[in-house]
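A.B. asks: Have a look at the structure that comes next, please.
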């Protein structure tokens with residue numbers, strides 16, 4: 001995944017110093033894009049080991065429309081604990097917006113179901129978009145969405161996905177986001193009878209936190225290895241029927257994990 005290392009290097013060489021909400025401080029650039037062809041392999045970072053279990057369970061949690069950390073904690077995933085209320089609630093974050101976007105009539109819109117149906121029945125549509133950035137609901141979210149919205153594109157029997165991420169923690173968050181949306185693309189492709197095409201990752205404020213600089217420099221000394229493959233249970237036909245056991249990663253040979261503290 002040289003695209004990712006090129007992003008790290010760009011921010012180190014061109015980035016400007018900025019203060020941030022957490023008080024940690026960052027260096028950042030504005031506007032960057034990476035493209036991953038899923039036919040070439042599953043884009044799971046190899047220059048440090050990632051916790052795939054957390055990525056899969058978080059995505060299933062989003063797709064279930066859940067916004068309480070209990071489901072994640074029950075499966076040993078703690079990545080959302082810092083933002084949860086005492087009862088485990090995170091407010092109207094991703095899963096709520098994806099599956100239950102409030103409409104003006106007092107009902108709700110299931111954006112994922114609508115995306116699936118549009119891909120199947122109107123694949124040339126330029127409106128196959130799922131948004132988590134609900135301006136009217138931001139105050140009801142414990143953490144406003146960093147990966148704000150994504151769009152599907154169908155051509156030549158291939159389904160592609162482009163994500164716009166307004167705020168991108170490059171060292172900790174972005175590797176998770178790449179893998180999560182690449183996996184979502186594979187799942188949606190299977191659920192709609194298409195091949196998985198390109199995942200296009202567009203970043204707004206792409207930043208490295210000041211307490212991750214040494215880790216980033218270490219990572220840049222490592223040579224990327226061959227990408228793994230993600231095998232998905234072919235019997236699953238609905239985007240909502242996937243379980244953790246339906247995913248099998250093969251050929252993953254990463255460099256050792258590099259620890260970094262989360263800026264809350």
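Yeah, the Cβs are placed from backbone N, Cα and C, and that goes for glycine too.
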A.B. asks: Per Swiss-Prot, what member of 134, 177 joins 21, 126, 127, 166, 167, 168, 169, 207, 208, 209 in binding dUMP at one site?
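C.D. replies: As annotated by Swiss-Prot, 21, 126, 127, 166, 167, 168, 169, 207, 208, 209 share the dUMP site with 177, chosen from 134, 177.
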A.B. asks: For residue 209 (dUMP binding site) and residue 146 (active site, nucleophile), what Cα-Cα distance in Å is obtained after rounding to a whole number?
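C.D. replies: Residue 146 (active site, nucleophile) has its Cα 15 Å from the Cα of residue 209 (dUMP binding site).
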A.B. asks: Using C-alpha positions only, work out which of the binding-site residues 51, 127, 167 is nearest to residue 146 (active site, nucleophile).
C.D. replies: 167
A.B. asks: What is the number of other Cβ atoms found within 10 Å of the Cβ of residue 207 (dUMP binding site)?
C.D. replies: 28
